[in-house]
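In TrEMBL this protein carries:
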DOMAIN    A:9-192  domain 'Thiamine phosphate synthase/TenI'
BINDING   A:71, A:110, A:141  4-amino-2-methyl-5-(diphosphooxymethyl)pyrimidine binding site
BINDING   A:72, A:91  Mg(2+) binding site
């Protein structure tokens, strides 16, 4: 059975987002502040390093009952015992991921705009949630598409009943309009990974998200 | 059941090794010249691109009964229906690969020297062959270790009964000493991918290998 998941405050983290910081300790602090779901993303990591980091995060997250998703790497998710994968438009197709993972893993899919949504239509039956964005311009992900704003988010939101997490350049102050536009939650990287106090940053963001509901 | 495989002339290919050339056409020519096994290696490719290239190569290779191995990516090997994976020292451990792949896929493992062999001892029960090298210095693989020469090759050869393919900077003239030192075959990248006529290059190399036996 697939794990329960809560998109409210979705942290995307990995060594590149946490230079000079400890990956597990940083994510633990964020989870103690209220992060509800974690994705590990480190596209340039060697496979063995990524497996080890994923395993370490999964071990830490287990008692918190916070699921761990691996960006792109189906093989790493299986090897490390993670809870799912998050696929970009250039990654494996969702049908392939579902075939390899079976029914017990979560699958998320990035959709940049209504055109990408249309292109992904046949994937939708195999995914558990969508990541929609970038909402704002972001320096974190070099290959992200054009910022779509809350207006662009609302256009994708109108096309599907799947749970959606908004992503891309989001930080304090962004939650209310996105939650009102139908986002189940917000995904962040630097708003938490770049914060001096990731626990406090997560706490503040989750409070904003819950207040907007 | 695992596919039969013949390490005699093992081609490692991918878009990076074939700039401006067609991947499938180049590999087809090499196979028509005598290549007995193909590995696709493209560590910087997007996953979907790598799946598509692997699938295209597999479709081409099938009638030739030449197996296709994917470098590092267990998930891609499964998604694209390839015949196995080749693991480096920084990739997933062989026990993890075997767990994910089951018994029908080939698993190869790179071993750079007797010390790496010792480090890999627990992996040996799960692999079908070893790739040992670099024999000579090579510009193809930026993270390759120090060249070990035929002498270093012989030291690893003495430690195991597993089939071994020698790799690293090999080209015309290198086959005889390595085959005499117990190599089941030679793996090459640029000696075939960089040749004006990959079919003729493969033909010449296979002839040298067979003559040395």
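Indices start at 1 and increase along the chain as displayed.
Every residue gets a Cβ built from N, Cα and C, even glycine.
Curation plays no part in TrEMBL annotations; they are all automatic predictions.
Sequence features annotated in TrEMBL and their locations in the structure.
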residue	record	DSSP (3 states)
A:71	4-amino-2-methyl-5-(diphosphooxymethyl)pyrimidine binding site	strand
A:91	Mg(2+) binding site	coil
A:110	4-amino-2-methyl-5-(diphosphooxymethyl)pyrimidine binding site	strand
A:141	4-amino-2-methyl-5-(diphosphooxymethyl)pyrimidine binding site	coil
Filtered binding-site residues - A:71, A:72, A:110 - keeping only those with Cβ under 8 Å from chain B: A:72
Residues that sit under 8 angstroms from residue A:71 (4-amino-2-methyl-5-(diphosphooxymethyl)pyrimidine binding site) by C-beta distance, when 6+ apart in the chain: A:12, A:14, A:39, A:40, A:41, A:42, A:43, A:85, A:86, A:88
Around the Cβ of residue A:110 (4-amino-2-methyl-5-(diphosphooxymethyl)pyrimidine binding site), the count of other Cβ atoms that are within 10 Å: 25
Other CB atoms, at most 10 A from the CB of residue A:91 (Mg(2+) binding site): 24
4-amino-2-methyl-5-(diphosphooxymethyl)pyrimidine binding residues A:71, A:110, A:141: largest Cα-Cα distance, in Å and rounded to whole number: 13
Overall pLDDT of the domain 'Thiamine phosphate synthase/TenI' (A:9-192), taken as the mean: 96
For residue A:72 (Mg(2+) binding site), the number of other Cβ atoms found within 10 Å of its own Cβ: 23
Sequence-distant neighbours of residue A:141 (4-amino-2-methyl-5-(diphosphooxymethyl)pyrimidine binding site) in its chain (C-beta under 8 A, six or more apart): A:134, A:168, A:189
